[in-house]
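Feature annotations, courtesy of TrEMBL:
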COMPBIAS  89-101  compositional bias 'Basic and acidic residues'
COMPBIAS  348-385  compositional bias 'Basic and acidic residues'
REGION    40-60  region 'Disordered'
REGION    89-124  region 'Disordered'
REGION    336-385  region 'Disordered'
TRANSMEM  149-172  transmembrane segment
TRANSMEM  207-227  transmembrane segment
TRANSMEM  248-274  transmembrane segment
TRANSMEM  294-312  transmembrane segment
Amino acid sequence: MLSTTLRTARPSGRQVYRLAIGIQFQTQQNALLTTRALPPSNASGRSRIRPCLPSPSLPSTTLHITRRALLSTEPPLQPNKIDKEFEKKAGEKKLDARPDEVTSSSTVRHVMEESQAPPEPQPDVMVGLKGDVNTVKETLALSSVPREAFGVGLAGTLPYLATSVSTVYLSWALNTEGPSTSNFINSFLPTHDSATYWLQFLEPIQVGYGAVIISFLGAIHWGLEFAEKKASLDRTRLRYGIGVLAPAVAWPTIFMPIQWALVTQFLAFVSMYFVDSKATTKGWAPGWYGTYRFVLTAVVGAAILISLVGRAKVGEGRMSLSTGELMDRIRPMAADQNRNWAKEEEEERRRIQKEKEEEEKKRKEAEKKAKEEKDKSEKAEKKSG
């Protein structure tokens, strides 16, 4: 078929060249197909004949090469061919003299010469910082948290903040010697007895409220588990374990000294946050719950630290605001409530009256003695005169 096409079409030399390449390629492909069609033999010596199926891309590739060889109008590329005529003309051409443009340094590249390439854009060092600031803003904004949960959660932190600020105020009053020289400070500075009483009154409120909140955080996981429709052993164990362990850790703190109770509750709040964050990561809690718990834990943790700082020692020789020392200061005040103030007042009045009478008697005796001495001195002057 190919020979008939060559005799009738009478192709040019270029077409013959390209057609020969196509025929050579087709010959190599036929040899490859013949090799694939050889019947392999198995262990029994019998040969298994497989049908020879040509590659689906072979006809299209061969047809493409044949068409390109017949229809191309450009000569084949010869990159190694040298154009001697052009080189001869370039060699006969004379160079123009330009002495004004040639200097001793025009053909020398300086060592410290700047690159001619355009400068690379400098990276903005503020991009990372801005990204971190935006992340913090989005976290604190709690835009993904439902409004109801957001409001109730913030309202739950108010008792902690109130007790912490009150603790700092009362501890400052206890460590300030009164009355002060400033009337403005004296207007809101309580006495040491009053500050001690109210500080002792705030201790069970803050610790008890913390125990309630920690127990509530554990109970949330029970509610989430009850709402599940499909059972999961790992999830159920974690949720029920948290619901039991949280109150078991929280309520014994009401029997501890105030410092140890606050530290234990602080660690409990932080541990509950990590557990809630893990549950959120595994999809066992709403997607916004981890961020929500982070903000509330930060507020409660800051309140507990403020309380601990307020109860710490302020300066050398100051009182350490512990439960035992506060009780020691309250006991005398409680004992004073059983005293007979009327009787003590009458005794104090008699004592003062007696002191006044003794002073009056001593004054009269001193006046009488001074008068006698004066009379003696006058008589002595008259005798000498």
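Every residue, even glycine, has its Cβ placed from backbone N, Cα and C.
Automatic, uncurated: that is what TrEMBL annotation is.
On a predicted model such as this, the values are computed, not experimentally measured, just so you know.
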Stretch in 149-172, 207-227, 248-274 most in contact with the transmembrane segment (294-312), if contact is a CB pair under 8 A: 149-172
Same-chain residues at least 6 beyond the ends of the transmembrane segment (207-227) whose Cβ lies under 8 Å from its Cβ atoms: 156, 159-160, 163, 235-236, 238-240, 242-247, 249-251, 253-254, 258, 261-262, 265, 268-269, 272, 276, 279, 284-285, 300, 304
